[in-house]
Amino acid sequence: MKAVSFSPGNHCNLKLQKYPIKQPTLANPIHFDNHQNQKPSNKKHHFPSFSIKASKTPQTPLTKYPNTPPLVVVGSANADIYVEIDRLPEEGETISAKTGQTLAGGKGANQAACGAKLSYPTYFVGQVGEDAHGKLITEALKNGGVNLDCVRNLSDVPTGHAVVMLQPDGQNSIIIVGGANMSCWPEKLSDEDLEVVRKAGVVLLQREIPDLVNIQVAKAAKSAGVPVILDAGGMDAPMPPELLNVVDIFSPNESELARLTCMSTESFEQIGQAVVKCHKMGVKQVLVKLGAKGSALFIEGEKPIKQTIISAARVLDTTGAGDTFTAAFAVALVEAKTKEECMRFAAAAASLCVQVKGAIPSMPDRTSVLHLLQTV
């Protein structure tokens with residue numbers, strides 16, 4: 001996948017919007033053969049809203065799971081404008097698309113939708129505009145069971161969107177317009193803003209929102225002992241060392257790893273050498289998504305953990321597959337599975353994702369993932 005991004009100026013008005021949600025049902029915990037199933041923490045958590053003091057009204061916590069620390073995704077929400085094409089246009093060329101449609105997406109929203117679809121209590125922290133695209137995204141997340149108490153509406157900035165050029169083999173090229181994702185975040189988040197992060201079971205970040213937001217969120221999580229997973233996808237810009245130093249797991253794909261380290265990643269040996277450079281930058285665990293070659297988790301000082309792909313019956317659309325993998329890994333991690341189990345669960349979820357068009361619409365449910373794991 002290739003992506004480029006654009007973002008508007010930093011001016012807006014903020015409104016905090018409450019949305020009713022459908023609660024997930026944690027009916028089928030992840031079970032693996034030959035391993036004891038471990039329970040999430042029994043520590044009680046209360047989940048206040050992520051706000052900029054835009055409202056004095058208390059937000060509704062996920063009371064259905066008072067003892068379950070949630071998955072908290074801080075990140076982007078985009079309207080994905082899909083165009084199906086036979087090939088990419090040449091420079092200066094105009095071509096016709098076979099079909100086109102607009103679906104909810106964005107790396108943050110994708111990962112939140114996946115967490116909820118996998119029946120784990122999930123918060124999304126992000127920003128949308130007061131427009132049709134914003135409504136499309138919030139409706140999709142709400143219907144999927146994601147808690148939206150922490151979503152901000154911006155009245156003067158449009159919702160982020162992306163043009164997804166989908167080719168017959170399921171591969172895609174993407175152009176991103178940052179919109180609300182890149183605008184109007186406060187320079188300093190307050191303790192009240194960050195409380196939901198400190199009460200999380202795991203925090204997921206990506207790079208489709210400003211690095212300064214990610215840094216503050218990661219530091220708050222680290223101070224509370226909450227693990228942080230940073231997906232490298234998003235802006236094509238140098239990675240701030242201050243951010244890498246406070247994340248627990250850094251998750252790039254091959255091309256993102258190559259850009260970050262300025263090293264070749266064509267072979268597994270080269271990938272390992274690039275990961276060593278990441279270790280030197282401050283991150284101890286690197287989870288590399290290798291597309292059709294599977295994935296590998298490199299923990300500093302240990303032997304890499306490899307996971308092959310779980311073959312899909314057909315590949316219709318790879319959009320959102322990486323987000324599905326990362327979110328599924330996070331869900332298994334917060335449910336106290338081993339790293340090997342986390343990777344296997346994530347591989348199964350990604351395999352199901354690529355068989356359906358669209359990002360959020362393709363996210364698999366827990367029952368489907370567990371069924372696939374029983375058959376391979």
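Here the Cβ of each residue, glycine as well, is placed from N, Cα and C on the backbone.
Bear in mind that the values here come from a model prediction, so they are computed numbers and not experimental data.
Under the heading domain 'Carbohydrate kinase PfkB', TrEMBL lists 71-365.
Proximity of Lys107 (substrate binding site) to non-local residues of its own chain (separation of 6 or more, Cβ distance below 8 Å) is seen for Gly75, Ser76, Gln206, Glu208, Asp231, Gly233, Gly234, Asp323, given in sequence order. TrEMBL lists Asn78, Ala79, Asp80, Gly106, Lys107, Gly108, Ala109, Asn110, Glu208, Asp323 with the feature substrate binding site.
Residues or ranges marked as ATP binding site by TrEMBL: Asn253, Lys289, Leu290, Gly291, Ala292, Lys293, Gly294, Gly322, Asp323.
The K(+) binding site feature in TrEMBL is assigned to Asp317, Thr319, Cys353, Val356, Gly358, Ser362.
Residues or ranges marked as active site, proton acceptor by TrEMBL: Asp323.
Sequence-distant contacts (6 or more apart, same chain, Cβ under 8 Å) of Ala109 (substrate binding site) comprise Val73, Gly75, Ser76, Ala77, Asn78, Phe124, Gly126, Ile137, Ala140, Leu141, Ile360. Within the same chain, residues at least six positions away from Leu290 (ATP binding site) with a Cβ under 8 Å of its Cβ are Asn253, Glu254, Ile271, Ala296. Note on the domain 'Carbohydrate kinase PfkB' (71-365): mean pLDDT across this stretch is 94. The two recorded residues, Gly294 (ATP binding site) and Ser362 (K(+) binding site), show a Cα separation of 19 Å.
Same-chain neighbours of the substrate site beyond Asn78, Ala79, Asp80, Gly106, Lys107, Gly108, Ala109, Asn110, Glu208, Asp323, judged by a C-beta within 8 angstroms of the site's C-beta center, are, in sequence order, Gly75, Ser76, Ala77, Ala104, Gly105, Gly160, Ala162, Ala359. Calculated from their C-alpha atoms, the gap between Asp80 (substrate binding site) and Gly358 (K(+) binding site) amounts to 8 Å. For Ala292 (ATP binding site), the nearest neighbour among the binding-site residues Asp317, Val356, Gly358, Ser362, judged by Cα separation, is Asp317.
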